[in-house]
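Enquirer: Take a look at the following structure, please.
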Amino acid sequence: MIENWPKKPEGSQWTDDQWKAVVANGRDILVAAAAGSGKTAVLVERIIKKIINEENPVDVDRLLVVTFTNAAAQEMKNRIGEALEKVLIDEPGSQHVRKQLSLLNKASISTIHSFCLQVIRGYYYMLDVDPRFRIANQTENELLKEEVLDDILEEEYGIEDNTIFFELVDRYTSDRSDDDLQRMILALHTESRAHPNPEKWLDKLVEAYDVEGKTIEDLVYASYLLEDVKFQLETAEQHIRKATELAMLPDGPAPRIETLQADLALLGTLSSAARESWTSVYEAMQNVSWQTLKRIKKSDYNEDIVKQVDSLRNKAKDEVKKLQEELFSRRPESFLRDFQDMHPVLEKLVQLVKVFTERFQAMKRDKGMVDFTDLEHFCLQILSEQSEDGEMKPSAVALQYRNKFAEVLVDEYQDTNFVQESIIKFVTKDSESEGNLFMVGDVKQSIYRFRLAEPGLFLGKYKRFTQEGLGGGMKIDLAKNFRSRHEVLAGTNFIFKQIMGEEVGEIDYDADAELKLGASYPEGEDVAAELLCIQQTEEEVIDGEEGAEVEKAQLEARLMAQRIKAMVDSGYEVYDRKTDSMRPVQYRDFVILLRSMPWAPQIMEELKLQGIPVYADLATGYFEATEVNIMMNVFRVIDNPMQDIPLAAVLRSPIVGLNDEELATLRAHGKKGSFYEVMSSFLKGAPLEEEKELHDKLEWFYNLLQGWREFARQQSLSDLIWKVYGETGYYDFVGGLPAGKQRQANLRVLYDRARQYEATSFRGLFRFLRFIERILERGDDMGTARALGEQEDVVRIMTIHKSKGLEFPVVFVAGLGRRFNTQDLMKRFLLHKDFGFGSQFIDPRKRIKYTTLSQLAIKRKMKMELIAEEMRVLYVALTRAKEKLILIGTVKDATKEMEKWLDAREHSEWLLPDHVRAGASCYLDWIAPSLYRHRDSEMLLELGQGSIPDEIYGYDTSWKVEVVDGNTLLAPEPVQEEKQELLEALREKKAVPLQSERKDEVYDRLMWKYGYEEATSHRAKQSVTEIKRNYQSEEGSDNAFIKKLRAPIKTRPRFMEKKGLTYAERGTAVHAVMQHVDLKKPITVEVLQEQIAGMVNKELLTFEQAEEIAVEKVISFFDSDLGKRVLAAKSVEREVPFTMMLAAEEAYQDWQGESGESILVQGVIDCMIEEEDGITLIDFKTDTIEGKFPGGFEQAKPILETRYKVQLSLYAKALEKSLQHPVKEKCLYFFDGNHVIKVEE
């Protein structure tokens, strides 16, 4: 009980409310923890207090702690572990604490999904599920849904006399496809799974359309819309009252007052009818008649006031007209007929959803996979059973968990959904007044409705629970913020006291909800919050909405860049808690928050132009990367070569290398048919001389393509991808381009994606391509991952959602003028958890469609929920700031917008009028009207206080409100006078003016000469091959004989050559075999071929290289005397790399620099054998000799010896230096002809 709670220790760091949250017991407890209130610390302390309670200690594994993320769960475990270790220092003999530390790793501290998984693993036998199940990949899940749905619809299309189904198709599909119908089925399936009993929720949808024997007054849609009618009529009345006040001013249009009074009477009649019934309002709306305004002489009155009065009256009339057109242009019974007509169609739709759910679950079961919603529903299935009245009650397993858990603690409770709430309910005690559920969160930060989070669960308990906890649960408000300065908190409070209310916003921002100062900061300069509204003039706006958005982003980015640079350059100071002192601001202290990330690239670009380091996790652009795009087209062509666009892209790419002219030539060979058919036909004929090169390129690619297509049918996808990389050489090619490592990494990621795909239930190239398409359709492109340390000095750009839980000294909230995303309200059909299904009434026979009552109600409800969610998102954004908050938005016409924002300036209550808050289309529509009621806006408005209440006008907050001209931001920066002189001198090619005292220094620098000029014309590092060539050139050995020995040099990448291997590639292949051949095995044809195949599998050789190796020549070497010495040697080393210093004059015969200069020489020795009498080095050569010289090998021998003498001498010198043993013999072995040359000094 309350009186038995431990008292707060003297000098405790905890506030009274925090201490209450730590020790309160005996009932369900809801902690409303405002931003920065230390909720995690409170949660950890509560757990520790329970564990080490002297009277009734609880083992940590008897607590269930549910967190929102895995990272939060791990952090919680770490904090509890650290706290227990501190206790152990004070009580080293405590066996209980030691036991808790050992239990901590298996304690139930996890996300709700991890807990569900734990329950399912323990009780899988109660479900029809394979205990070896795996969690499905999201894209795999989508593909399975598509497959199941295609099968169902195909069956439905095949049923004769399937009248209702075809009526459903006629109403909700287009002439081209049934995509809309598929979307409806999938959306209904997804929404139903957010409820504990999906089938029951679906049945209620259908029941709502069964209006037999009902009147319009019985419909939930009509009841809700009547509330909206009252709301809009009240808005109209406010306009007329405001107009009347203006007309009564000394220079107001007094003759208008009589008409305005009649208007109020008319609106009063309508409002009275709205309080009675739908039918009453309908009848009243048919009799609406507005009086005609009396003519007045405008010069007798203040013209501006007359305009305002007439404008306000027109707004009121528009509100009524809108109601007449949307709701009351049809008789009530007409709306009922819509429901009755749509009932059988909706019934069929729900039946399809149920069939889909059943088959989808069966397919997942067959494949041994579950998704995250399955985890929740399977867990709920284990924890519940059906009672006699059809309701769900705890199962025997649930009762076991109730007995096990002393307390269940839920973090971020505001983000819980209905299914998760049911799971928690079944493992906790039934009675709230004697419960063991501890919930902590902040409903003002519930921003995950798109993930089906339900803030209403938190709000319901917050309204139901009391601070004393008498007769039910207890609520505790943690309102003290230990993060931010007074200016940030007061500024946030000032805005939200005016915009967030229960009617519009779902939450009363009352005294309990307000942020209260808990942090102490030293006095700071320029800490006032700011609103910077950028005026974008008509002339600046680029044609098109997209262009205008880009320009807005550029304007805001430039303003932020200027402010950041100015603050850093001026040494703006922020408080450092670690040193307990002020320090100059750094780039890492800034964050730019955006509602979404489309503007991020423009903002990054502007900041970089100003020299400001910046980072944003864009997570886009991977599939747009050139190298990935080209490879995806290759795979599309392998899957189906009849696709013209992918094939043309591959032919034009560096892989095949056709130019525009060659592509046109190919197309000209067959104007009909696909590119592939034309290419096949072209290759069958004999090419013209001028088309031979084109023919060779296409033949090379065509042969590869046929091989890939065959390989794709028999082998794994990942093997195919690596085969394509290898055989085209494209992986190596992109490595040589700018950002080559990144490009290769992108290709490796594609390979990894394929391996991940193959770990799913799908196989094959076609499915993989569809898999990637679904990723792109969902917008799940990937970006380059980058891990940032907390101390990395960059300005961060992130979404407001990503920033939740974080804090920054200086926060920019940008894009406040961007319109809210209302696309979900524009869909052909709407779904709502309470109101079910709503769509237009569509009559395909009469070819008409119109809005239904259900659609209007759901649309209005969703709009109000969207408004509430956007308020909470704004709250999260503003509460990230520790010391400085800067709000930025751009408007097309600031004057026009200001007139709108000033409409409610003199409103007498804290909360702005409902229609102002509900009618907002962007964040500025809330922020600006709020700030224009504060004294700090006077610098901009110069309007005086007027009738604004003192408590609002003089509220204790500091703001800077400014309108910034966009022209000044887009204008080029002025050039300094002295820089201008330099530019003019350069333009006119005159001598550049210099300050006299710097002339000598400039001259000396320009005339300076490097002391080691000779060394600059020679490399500081040389390979042995380069030194050999240098000597050959100096000695004039580049004669006809040597030319005969040299292979033609090809500089183009292999995939751009006609076909076959170069001489160099053949030589590399032979050297690779000589390096890896197993000398312990017999050297036979069969053994060598087996080893070469193994090298291909290990990617030491390509298939093409392996085919070119003459195995018999390798055997000939080992049959020779030299080869036998290798096999018999004490030790054999192959491909021995070395590096050594060599005198420059030894490397360069033309050296004329300082003596004693050295260069670095590196090389690789093919083979070194150690025999009883010393070391022999062997260099393998693949030069073509036979048939090149009239005198045969004897004629070539001296030339070859001269050519390679320097090379072998350097090899020998390197070996002797490193091994400290002389080299007794240096041998050249030529595979062509099986010749050996012993090179003498």
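Cβ coordinates come from backbone N, Cα and C, glycine included.
Quick paste from Swiss-Prot:
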- 12-485: domain 'UvrD-like helicase ATP-binding' (DOMAIN)
- Ala33, Ala34, Ala35, Gly36, Ser37, Gly38, Lys39, Thr40: ATP binding site (BINDING)
- 505-805: domain 'UvrD-like helicase C-terminal' (DOMAIN)
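Surface or core, plus neighbours and distances: that's what I need for these features.
Expert: Looking at the domain 'UvrD-like helicase ATP-binding' (12-485) alone, the prediction's average pLDDT is 93.
Taking all protein chains in view, 23 other C-beta atoms sit within 10 angstroms of the C-beta of Ala35 (ATP binding site).
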Enquirer: Only counting partners 6 or more residues apart, tell me which same-chain residues put their Cβ under 8 Å from the Cβ of Thr40 (ATP binding site).
Expert: Glu75, Met76, Arg79, Asp411
Enquirer: Restricting to the chain of Gly38 (ATP binding site) and a gap of 6 or more, list residues whose Cβ falls under 8 Å of its Cβ, or answer none.
Expert: Gln18, Leu478, Phe482
Enquirer: Please report the number of other Cβ atoms within 10 Å of the Cβ of Ser37 (ATP binding site).
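Expert: By my count, 27.
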Enquirer: Report the residues of the chain - excluding Ala33, Ala34, Ala35, Gly36, Ser37, Gly38, Lys39, Thr40 - with C-beta within 8 Å of the mean position of the site's C-beta atoms, for the recorded ATP site, in sequence order.
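Expert: So the extra residues in range turn out to be Val42, Asp442, Leu478, Asn481, Phe482.
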Enquirer: Which residue, of the binding-site residues Ala33, Ala34, has its CB surrounded by the fewest other CB atoms within 10 A?
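Expert: Each of the binding-site residues Ala33, Ala34 was scored by Cβ atoms within 10 Å; lowest is Ala34.
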Enquirer: Which ones in the same chain are close to Gly36 (ATP binding site), with CB under 8 Å and 6+ residues apart in sequence?
Expert: Asn481, Phe482, Arg483, Ser484, Leu515, Gly518, Ala519, Glu807, Thr879
Enquirer: When you measure from the Cβ of Lys39 (ATP binding site), which residues in the chain that are at least 6 apart have a Cβ under 8 Å away?
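Expert: Listed in sequence order: Val31, Ala33, Asp411, Val440, Gly441, Asp442, Leu478.
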